[in-house]
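J.: Have a look at this one.
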Amino acid sequence: MSTQTISTQPIAGQKPGTSGLRKKVGVFQEPHYLENFVQSIFDALGDVKGKTLALGGDGRYHNRAAVQVILKMAAANGVGKVMVGQGGILSTPGTSCVIRKHKLSGGIILSASHNPGGPDGDFGIKYNIDNGGPAPEKVTDAIYARSGTITQYLISDAADYDIDTIGTGTLDGMTVEVIDPVADYSELMQQLFDFAAIKQWLASGHRIRYDALSAVGGPYGKHIFEDLLGTPEGSVVNGEPLEDFGGHHPDPNPVYATDLIAHLDAANAPDLGAASDGDADRNMIVGHKLVVTPSDSLAIIAAHATLAPGYKQGISGIARSMPTSQAADVVARALGVPCFETPTGWKFFGNLLDAGKATLCGEESYGTGSNHIREKDGIWAILYWLNILAVTGKSVNQIVTEHWAKYGRHFYSRHDYEGVDTDAANKLMDELRTKLPQLVGTQLAHRKVKLADDFAYHDPVDGSTTQKQGVRIIFEDGARLIYRLSGTGTEGATLRVYLESYEADAARHATPTQEALADLITTSRDLARIAPLTGRTEPTVVT
Ligand code: G16
């Protein structure tokens, strides 16, 4: 066995997006593509010699092959030890948990998250730092810069390592420990939530349906819900991680998780429906004929936070991404804690969590989490809801409608225009930005514009500033219209339009969402000239 030094040259476009580098599988399979990026990570980190890293992924197509390449490159670069999930499996929250618990230097996660998998699907890779969270922009910028100057990478010519057998061994001088992907994570969950109360609630006849969408959440859900909490077999569906996610689009939203929605719409519906995404960091919570918006879920968890043992001391603050609705802000005000508004991307929560300024975080894109790790966490969110249901004895629908009655309802919807021509999308955003100064004080959608800007974030912990994080138009009555381009797509551009309006009157809380937002929807299309510029008269996905 020996280290091979392979000559290479920079490959254009290796710039990490909202969450790591995501491309079509075929791109990752091109010669040197994965290797260049992995070497760029090692080079950007500086000295990885003797360090310990975590490694795993969501099990999608190319996961196992990529794990072998990374193990051999880690060995050649002098990494001391890699803790790899059995079979190459580790959820994103699971990896964050392993990094924190074992005080590792960081970890490499192989996932394109909610993007479809399989040979024609997407693949992705991201680096998490020693706090367990996504690498901050200064690190991803350094990785990208390195990918533009790289001339060689190092790789061991050792044989493939057996990643299916739990235990410790060596690969070309580097220690490899194959770990149970679920063990550390499930131990942490048992510290945070009232498993006894949930178990009793389930034993008294309540039922759940957790749809893992044939992605990495399956083994976690099976162990936690079925083995530890005693839900009957079959409560976890699509529980085997498959390389193509069994053809499922692994995005837990009402548009893609249709089977779950149908079960929760049925007359004999389970008491809670839930789903998670490819790497199990996103979640969707469903009641009877009711999908809880992620923004409401964050607010509701915050309002009930102290019901879970791990949070009984209360929360220090809440953080939400800018496009997420202001439902959490209202709860934060009532609790007397701050609510921080960050750009889209979980990495922006890291500093607030590390500094103890926020305990709970959430994003409209079906992401909820807390300071227990440094990633959003699908199973955690489901357990929080189970804990709330078990302790209050109320149904999902009751919890939601009572919450609206107390705090008011933030009607909320996201309209995605996917696969739009990139130049057209950039032109649309540029045009909008030029219009902003003239909008303040004008009437739009029967409302007066109070503020119109391109969101800039000033990190209160490290003082850094991040510009151009989304065009927002805020009205005097608190309604908002937000536009941004997705940073996770792999084909053309995806324009996201976020729509929100507040309704205090409980008599109007049952209005269908799209109806409540109708005037904002029309305005969103006219103002940004969506049809003339993109040729699209309707969004591709509405959630
Ligand atoms: C990633 C990020 C999230 C972000 C989401 C959507 O989620 O981790 O913080 O909200 O992308 O980003 P965009 O609107 O730019 O597509 P995931 O689950 O894909 O890792």
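Any Cβ shown, glycine's included, is placed from N, Cα and C.
Please treat TrEMBL annotations as automatic predictions, because they have not gone through curation.
Here TrEMBL flags 1-11 as compositional bias 'Polar residues'. Annotation comment: TrEMBL describes 1-20 as region 'Disordered'. Under the heading domain 'Alpha-D-phosphohexomutase alpha/beta/alpha', TrEMBL lists 14-152, 184-286, 295-407.
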J.: Could you put numbers on the helix, strand and coil content of the domain 'Alpha-D-phosphohexomutase alpha/beta/alpha' (184-286), residue by residue per DSSP?
T.: 41 helix, 16 strand, 46 coil
J.: Please list, for the domain 'Alpha-D-phosphohexomutase alpha/beta/alpha' (14-152), how many residues fall into helix, strand and coil according to DSSP.
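T.: Taking the domain 'Alpha-D-phosphohexomutase alpha/beta/alpha' (14-152) as a whole: 52 helix, 37 strand, 50 coil.
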J.: Could you give the number of helix, strand and coil residues in the domain 'Alpha-D-phosphohexomutase alpha/beta/alpha' (295-407) as assigned by DSSP?
T.: 60 helix, 16 strand, 37 coil
J.: With DSSP as the yardstick, break the compositional bias 'Polar residues' (1-11) down into helix, strand and coil residue counts.
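T.: Per-class counts: 0 helix, 5 strand, 6 coil.
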J.: Please compute the mean pLDDT of the model over the domain 'Alpha-D-phosphohexomutase alpha/beta/alpha' (184-286).
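T.: Average per-residue pLDDT within the domain 'Alpha-D-phosphohexomutase alpha/beta/alpha' (184-286): 96.
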